[in-house]
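What Swiss-Prot lists as domain 'ABC transmembrane type-1 1' is 119-404, and the listing cites sequence analysis. Annotation source Swiss-Prot lists transmembrane segment at 127-147, 156-176, 249-269, 341-361, 375-395, 734-754, 778-798, 871-891, 969-989, 992-1012, citing sequence analysis. The region 'Disordered' annotation in Swiss-Prot covers 426-451. Residues annotated as compositional bias 'Low complexity' in Swiss-Prot: 427-449. Look at Swiss-Prot and you will find 490-710 tagged as domain 'ABC transporter 1'. For 522-529, 1105-1112, the entry in Swiss-Prot reads ATP binding site, with the evidence type sequence analysis. The feature domain 'ABC transmembrane type-1 2' is assigned by Swiss-Prot to 744-1027. Marked as domain 'ABC transporter 2' by Swiss-Prot on the basis of sequence analysis: 1071-1306.
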Amino acid sequence: MFINSFETKIKKKFSLLYEKLDDEDENEPSSSPSNSTNNFYKACPEDNSSKWSKISFNWVTKLIMKGYFKESLEMNDIYDLPELNKVQTTSKLLDDINFSNGSKYALIKHIYKNFLPKNKYALISNIFITIFIFLSPICLKFLINYISTDNDNEKSILKGILLCCLLCISILGQSISQELFYWFGMKNSFDVRGALTAKIFEKTLKLSNVSKKKYRSGKIMNIMSIDVENISEFFWTYYLDIVSHTLQILILLGLLCYVVGPSGLVGFGVMVIALPINTMLCTKSSNYLEKSLEYSDSRTNLTSELITNIRPFKMYAWENLFINKIEEQRKQELKFLFLRVLFWIFDHMMIETNATLVLVSTFATYSLTGNTMSLDVTFTAMTIFANLKLPLIYLPEDIYKAIGLMPSVKRIQNFLKSSESLKSKENNQNINFNNNNNNNNNNKNNNNNDDNDIIIENCTFQWNEPENNNLFEFNQSEDEEENEEEEEEENEENIKINENFDYKLNDINLIVPKGKLTMICGVVGSGKTSLVCGLIGEIYKLNGSVSGVPNNISFTSQQPFLLSASLRENILFGNEFDIERYKKVIESTALTKDIVNLAGLDLTEIGERGINLSGGQKQRISLARALYANSDCFIFDEPLSAVDPEVASHLFDHCIQGIDFKSILKTKEIKKNVENETDSEELIKNEIEIENEIIDVNNVISDKNDPNLIEKAKLLVKEDKNEGEVEFNVYKKYFSYGTSGVTLFITISLFFIGQAVYKVSDFWLAIWTERSIEGKSDSFYIGYYLLIIGIFVSLLMIRTYSLSRITFGIGKNLHSALLKSVTYASCRFFDTNPSGRILNRFSKDTSDIDIHMLDLLSEVSICFSELTIGLISIVFIIPIIIIPLTLLFIIYYIYQRLYRPSARELNRWESITLSPVFSLLQECYNGLLTIRTYKQESRFIKEMFDNININLGCIFYSFAVHRWISMRLEVMGCIMVFFTSLAAALFTSNNGLAALSVTTALSLNGYLSWGVRRIVELEVKMNSFQRIQSYIEIPKEGNKLISTGTNQVDSDGLKTISNGDLVNWPNKGIIEFKNVEIKYRPNSEPNLKDLSFKVQSSEKIGIVGRTGAGKTTIASSLFRMVECSKGLILIDGIDISKVQLQKLRSSIGIVPQDPFIFTGTIRSNIDPFNEFTDFEIWESIEKVKLKDAINSMPLKLETALQENGDNGFSYGQKQLLCLCRTILKNFKIILMDEATSSIDYHTAQLIKQTIQENFKDCTTLTIAHRLETIIDCNKIAVIDSGQLIEFDTPSNLMNIPNSKFNKLIKSQTDYSNNKIK
């Protein structure tokens, strides 16, 4: 109550100052242009501040006051970064790294060469630190001499005050130098961090197909977060500390020899003997950290794969399979992290033991050589030892950082040296960071190539990198010794991949004439996509020549790449908005009707990978992007495979056939060879009946200034930011994951007991010096001193080990809970949160919990136990000191209350602003081919630079706020030392205790600021816990079972049907939809409206309709990927909403529209639970016509596949592999969603026969645009705008002249007419 009243008064006192500062801030000019998208808008106040303001950090006061009065900071409260610290500037310093000499230290040498000269002020500050460290013990020696003098004539008050002032000046000088050293060092670290992050992203945009196999997105995220942080931390202060701490140790040992004579050399010898042991322990700790990072990479990659493919994982009911795989990697990661911590504990134990042995050996030698332990000698030596203890602690840590730095340097250097796409080398010459890259495709490049035919002569293309590759600008040969071990590990990991899939296109000859349509046809897996990639420079050309390829190419990939942005932004793709051209493109791609049905029209956010769109809509948006780019050459890879015949005909007429420039259509549909030349009119005759429904294209273009429409258009939710202090319940929740309250209390108590024991050792030295126990020799005092220190070291080991067990248990349980919670979350969660944001919880936030929480909890406990015991000791010795200490405590409280809100909020913004960095990295990684083809690298680099600058801005001002509080509390500490030393000199009769009080005050000086900073840092890391906890508490899918003894309930408390009741379910396969309504968003229009139909046992149902009509939504509802808002879905008479999800999904077979291959072998992809024999697996492989392809691979079923199977199979073959796994299992109900859309006509007919033979007793729902795929079904369901408009046999529907199905039949192209007739 008193504290709240006091704080209210303080706020009133400061309110006028805040208003004045706020008015000044509002009048400050903007540092960003008016059209800038940067969230910062005010220039950095440090740039225009006075020298005194820079030294005292007064320029940060405005930000401090904002945070205090608002209790929260918004992004527009944070100032802009100084221009010199922006990544646009710092990244240039890494532009010319020379890897050609094969040096394993090339990166680190380059950083030293380019970044160290900027850090001269840090070096100067470090020199002053060393000088003041030397002066403070000398000043203390004179002061203790004064205190121990019994002659009143020599003990004038003025002399005492002067000596106290000199001591405080030396301490204050050291403190100011230390803070400036940290600040200048941080700026250097900051620049290194920004530059490396930028370079890693730039390199990601250049990765070749071979490099992508090695560097999955999860591994790159780990490199960008963990490894970059390791290097930047080293270039904060550690690189200078190695020299300065060594120098400080030598100076202090020299000073020790000055105080105690040659006895100091004995202590020096003990230290020299012990230092190699500490170094060895640091090295072992570093090795275990490197091992843990390898498993962390693997865990993050698997987690990334799970998150980005969460829908197929859920549909196949494979969540537990991947959870177990991730947990296994996590177990190994924690194992090596714990071993690292054990050696860290031993290291700290050795440091404490070493410091004590140095002190005891020095004092023992000094005493045994006939010298008397006087006050000035004892306590001056104690102060020297106290000052010596820090460099003794930090020098092994500096060495550890230097040793631990090399694995991170190696990982980043190898990544930056990895092979690049040939296309990226071509594009890199034209990258311009000073514009938005809006015109690179709009204006035709007047290159001679644009008017020529594309000619490919005698070319051989290959996916894998040639053995002697001379296609790169730098030499790939590396230091053999450095890379030998890594190459062996890489071979073990990738031998199955690299040896098996050396796919080549041999002796290719092709002419693509300007102004004509060229079609590339072939059976599945014949190399069509490889040829297209050869044209655009994405695979290696071993021989031959390619000429006439224009600079501007529009490209649509077989699996469309879409940004997590609005539909309009996906079409514009960085180009300027031309409304007339935009309208024309929308009409040409038949998107008008689709856009009208979207909540925010063309400004609707379509989500990562177009998650809320149908396959046909995604393809048409990709096609619209190609047309809008207005390029010289258009390359379409299967642009019609996911659209219905009517739309396909429209697209062919208005998009593909109507282009005036070079255009290439890659398809498996036209049964002609490349060698056969004929006009496109002869290949495809369009007999399309245009739908009568006409929609004005003007009605689909949104007004960006309409707030209601913008709100409706949003899909992604804003990331939550915790505000205010971290409450006690948060800490309680954190510790509940790993320990009981009793264990925690005992562990924390050990810190206070340990510090009390250590303080007893100081009292014992005072007793020893005063010879308070008569008749006892020095060996008596030495023996008991060693006993006290032995108890302290034992307590240190016990408390640190106990705390490490607690934190590691918490980290393990927290990650497990996070993984399960996210995996079992509803699909809506993944629709509204980008994968980069989710992965941030598993990388950066998890790393904070694993690595930093132990250190922080230990440091906070040490700090406050030391402050508590130390202050009690001082007050016990000098009771009068409580008066100035109370006043100092009040000031201390005010400062920490001013400081904590801003520091806490800035650190929270740091975590939040890191998510867009990871999200953009993930997004660009998935769309490298499209980004490079459209030459959009510079646009995404600029966006990434902006994201990095925003994140670095939060770090920059967070650190400035830390220095602000440190500077002020260090001054307070000096004042405390002054009053304590003055009171000891004037008011204490016991000279030994007086000297002890002064040395205690000196030791507490740094703890005042350190304690507050550690508390705020702990609050920040608890923010990582809160972010993880918020994901643990997200709503789960229904019917995820929670064990409650013998009974089972689902996560929403509803009773479910147990698996025991559904042992043979479904045994008939009867499916019934009753008035089903489905909504993807709560307030949106239904995607399925009042849908009712019934499928009898073993019936074959074909589901057709215009692209985006709701066909795939039917599939999603059957698997409960989205729950019914109205109505029921029954299978064999049982309401599926009451069936456990695991049981439901594992009981229905699925061949998804987008083929799903996960990281593993061919065998594990077909039979993930190892349920079937080799014979059964090969039998199913033969049925889907993949036997020859897999048999040609040396390792056959054990062939390793990467995520999405990009290293082994074509898109069509991946579809066949998915069909294979479905045939293998005996499902009663099977759903096929465009199962053969990317397979050539001949193979599709063979697969159709296989399906008829193997699924004859199954109930099948087949979604297809190829009408010949479903023409033999028992019934056809025609879906339009989410409604069932026709449901009858094919023959009956065909006999109705105006039926929708009949119209679809008529619009089918000639390749299907033969079958239909």
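Backbone N, Cα and C define each Cβ position, glycine as well.
Take the CB of Gly522 (ATP binding site) and look out to 10 A: across all protein chains shown you find 18 other CB atoms.
Neighbour density at the Cβ, taken as the number of other Cβ atoms within 10 Å, is lowest among the binding-site residues Ser526, Thr1107 for Ser526.
Each residue in the domain 'ABC transporter 2' (1071-1306) has a pLDDT score, and their mean in this model is 84.
For Ala1109 (ATP binding site), the same-chain residues that are 6 or more apart in sequence and have a Cβ closer than 8 Å to its Cβ are Ile1279, Asp1280, Ser1281, Gly1282. By the Cβ criterion (distance under 8 Å, sequence gap of 6 or more), the transmembrane segment (249-269) is not counted as touching the transmembrane segment (778-798), fewer than 3 such pairs being found. Count of Cβ pairs under 8 Å against the transmembrane segment (871-891): among 127-147, 341-361, 992-1012, the largest is for 992-1012. Counting residues 6+ beyond its ends, the transmembrane segment (992-1012) has Cβ neighbours under 8 Å at 136, 140, 143-144, 147-148, 171, 175, 375, 378-379, 382-383, 386, 759, 762-763, 765-767, 769-770, 772, 859-860, 863-864, 866-867, 870-871, 873-874, 877-878, 881, 892, 895-896, 899-900, 965-966, 968-970, 972-974, 976-977, 980-981, 983-985 in the same chain. Of the ranges 127-147, 375-395, 778-798, the one with the most Cβ pairs under 8 Å to the transmembrane segment (341-361) is 778-798. The 10 Å shell around the Cβ of Val524 (ATP binding site) contains 25 further Cβ atoms across the protein chains shown.
Every protein chain considered, the tally of other Cβ atoms within 10 Å of the Cβ of Lys1111 (ATP binding site) stands at 28. Sequence-distant neighbours of Gly1105 (ATP binding site) (same chain, 6+ residues apart, CB-CB distance under 8 A): Asp644, Lys1111, Val1278, Ile1279, Asp1280, Lys1300. Within the same chain, residues 345, 348-349, 352-353, 356, 360, 363-364, 367-368, 373, 750, 753-754, 757-758, 760-761, 764-765, 767-768 sit at least 6 positions outside the transmembrane segment (778-798) and bring their C-beta atoms closer than 8 Å to a C-beta of that stretch.
DSSP classifies Gly1105 (ATP binding site) as strand under the three-state reduction. Taken residue by residue with DSSP, Lys1111 (ATP binding site) is part of a helix.
Take the CB of Lys528 (ATP binding site) and look out to 10 A: across all protein chains shown you find 26 other CB atoms.
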